[in-house]
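Student: To start, I am sharing the structure in question, which I have written as C-alpha cells.
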Amino acid sequence: MFEIFDMTGTFAFAVSGALVALNKRMDTFGIFIIAFVTAVGGGTLRDVLIGKTPVSWMTDLLNVYIIFGATVFTILFRNYLKYLSKSLFLFDTIGLGVFTLLGIKAGLSVEISAVACVGLGTMTGSFGGVIRDILCNEIPVIFRKEVYATACILGGVFYFVAQYLGANTLVIDIGTALTVILVRLLAVKFRLQLPVVYKN
Amino acid sequence: MFEIFDMTGTFAFAVSGALVALNKRMDTFGIFIIAFVTAVGGGTLRDVLIGKTPVSWMTDLLNVYIIFGATVFTILFRNYLKYLSKSLFLFDTIGLGVFTLLGIKAGLSVEISAVACVGLGTMTGSFGGVIRDILCNEIPVIFRKEVYATACILGGVFYFVAQYLGANTLVIDIGTALTVILVRLLAVKFRLQLPVVYKN
Amino acid sequence: MFEIFDMTGTFAFAVSGALVALNKRMDTFGIFIIAFVTAVGGGTLRDVLIGKTPVSWMTDLLNVYIIFGATVFTILFRNYLKYLSKSLFLFDTIGLGVFTLLGIKAGLSVEISAVACVGLGTMTGSFGGVIRDILCNEIPVIFRKEVYATACILGGVFYFVAQYLGANTLVIDIGTALTVILVRLLAVKFRLQLPVVYKN
C-alpha cells in the first residue's frame, strides 16, 4: 500500500539529483547517473549492509524506469521546475518518510535491534543525497543545514514507541512516515536547524 | 580466453589511476591505492551488489600483482609515459570492453534482468574511474565529458540483441567487447560527446 | 581480551572524526555521523567485502554507544582537547593496531590468502579515516603524508611471518598489534614519510 508513495519519493529524489547534476554542467549520462544514485543509493546501501543481494533495483526494474522518466522530465522542464518547487519538496518529503519506514522494516526482517533499525531507516532515507553530494564534490548538505536525518530518527523513535505500546501495524506504519514528514515540514517552515558548535 | 585482455585492462586501469595520483602529489602508498581502486573498484562494486563475497580480488591475487607491477612501472617511467599514451588508451579501452562483458555475465549468473545486467556491466567497466576521481577530490570525469559509459551501454545492448537473435556465445562475447571498444575509439577520434544541458 | 583496546580505539577514532567535522562547521548530527563513519567505516567495509552481514555495528551496539559518548565528549570539551592530543594520538594508534589485527582474523575466517588478509587488515584500520576525509571533501590524509597504512601492512607481515615460524597465537596477536603501534609511533616521532614522486 506504500508503493504509490515509494514511487512518488523515487521520482522526487531522482529529480533532486538531476537538478544538482544539471547545475554542475554534467552531460546527459551524468545527469541520469546522479538521479539514479540519489534515488536508489539509500536503499542499495541498506541492502548491502544487511546482505540482501542482488540489491533491490536489480530485481525490480520499476524504479529504474521511474528514474529514467524523472531524468527526461527534469531535462525537458529544467527552466520551469522552479514553479514546481513546492510540489517537489512535498514529494521529496513523502519519499523520505516512506524510505525511512522501509529501512526500519528491512532491519527488522534480519532481526537487528531497534537502535540499529533506526540507523538503517535513516540511512535508507538520507544516504542517496549524501552520495549525490559526494559525486558532485560537495560536502553533503544534510551534515550542514538540513533537519533531514533528525526527522528520520524521530520517525524511527515513533515506530518503536508505538510498537512497544501495542499499536497495530497500520497505525505504526502510517504514524512513522507521517512523523518524518511533519518534522521535516515544520522544520523547514520555522527554519529550525540543529545547532552548529563553534570552537574558540 | 578473455583472461589476457582482462589482465591488459587491469594493467591499463591501474596505470591511469597511478598517473592521476602522481599528479596529485600523493605518496607511494597513495599511488598504489589509487591504482588499486581504479583497477578493481568496478568489479568489487559488482561483486558486492550481487552478493558474490569474498569479492574477486581477495580470492584471485593475480590482479593484485598486476596492479603492483603497474604502479612500479608508472613510477619508474613517469616522465616517459606520454610517449605511450596511445598504447595505454588502447589497453584501457580493451579493458573497458572486457570488464563490461564480465559484468553482464556476472549479472546473468544471479538471474537478474537484461536491463539490470547492462547496468551492472556499465558499473563494472566505469566505476573504478569514478572511485579514483572521488578519492582525488574531483568530479568524476565520466559524468562530464567522456563517452565512456555510453560505450558500455551500447555493448550491453549488443549482447542482448545478439542473444535474442540466437547468435552463438563466442560471437556474442566478442561482439559485445568489440562494440564497447569501437564506440569509444570512434567517439574519441571524432570528438563525440554527450550533450550538456544548460539552464536559462 | 582485545575488547578494551578495541573500545579505546573506537573512542579515539570517533573523536578524530568529530574534530574534523567540528572544524568544517557541521551541525551536531553531522558531527555524530562523521564520528560514526570514522569509527566503524573500516570494519563495515571489511564485513561487506567478505559477506559478513548484517555488518558488525548492527549486531553489537556497544560501539554505537561509545561513538555517541565520544561525540558528546568532543563537543563539550572541544576547546580543551588540544591538551589531550598526545593521549588521543596514543588511543588512535592502539585502535589502529587492534583494528588491523581484527581485519586479518576476519580474512582468515573466510579463508582468503595471506596477501588478501593483510589488505583487509589495512582497510579495517585505515578506511574509516578515508571515508571521513571524503565526506569532508578532502583528499584522504593517509594518501598524502601519514605512515599509517604502512604500519598496518608491516603488522600484517609480522602476523604471517610469526605464524609461519610457529609462534603461539597470543604472541602473534600481541606482536601484530604492537608492530603497527610501534611503527606508527616511531614514524611520527622521527617524522618519517613515504617518498613522494615528482614528475619532470
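Residue positions begin at 1 at the first shown residue.
Each Cβ is built from the backbone N, Cα and C atoms, and glycine gets one as well.
All annotation found in TrEMBL is predicted automatically rather than curated by experts.
Predicted, not measured: the structure shown is a model, and the values here were computed from it.
Heads up, here are the entries from TrEMBL:
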{"type": "DOMAIN", "residues": "C:4-78", "note": "domain 'Glycine transporter'"}
{"type": "TRANSMEM", "residues": "C:6-22", "note": "transmembrane segment"}
{"type": "TRANSMEM", "residues": "C:29-50", "note": "transmembrane segment"}
{"type": "TRANSMEM", "residues": "C:62-81", "note": "transmembrane segment"}
{"type": "TRANSMEM", "residues": "C:88-106", "note": "transmembrane segment"}
{"type": "DOMAIN", "residues": "C:90-162", "note": "domain 'Glycine transporter'"}
{"type": "TRANSMEM", "residues": "C:112-135", "note": "transmembrane segment"}
{"type": "TRANSMEM", "residues": "C:147-165", "note": "transmembrane segment"}
{"type": "TRANSMEM", "residues": "C:171-190", "note": "transmembrane segment"}
Student: Provide the three-state DSSP residue tally for the domain 'Glycine transporter' (C:90-162): helix first, then strand, then coil.
Tutor: 59 helix, 0 strand, 14 coil
Student: How about the transmembrane segment (C:62-81) and the transmembrane segment (C:171-190): do they have 3 or more C-beta pairs under 8 A, pairs 6 or more apart in sequence?
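Tutor: Between the transmembrane segment (C:62-81) and the transmembrane segment (C:171-190), contact is absent.
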Student: Mind checking how the domain 'Glycine transporter' (C:4-78) divides into helix, strand and coil residues in DSSP?
Tutor: 62 helix, 1 strand, 12 coil
Student: May I ask for the residues of the chain that lie six or more residues beyond the transmembrane segment (C:6-22) and have a Cβ under 8 Å from a Cβ within it?
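Tutor: Here the qualifying positions are 30-40, 62-63, 66-67, 69-71, 73-75, 78, 81, 88, 91-92, 94-99, 102, 128-129, 132-133, 136.
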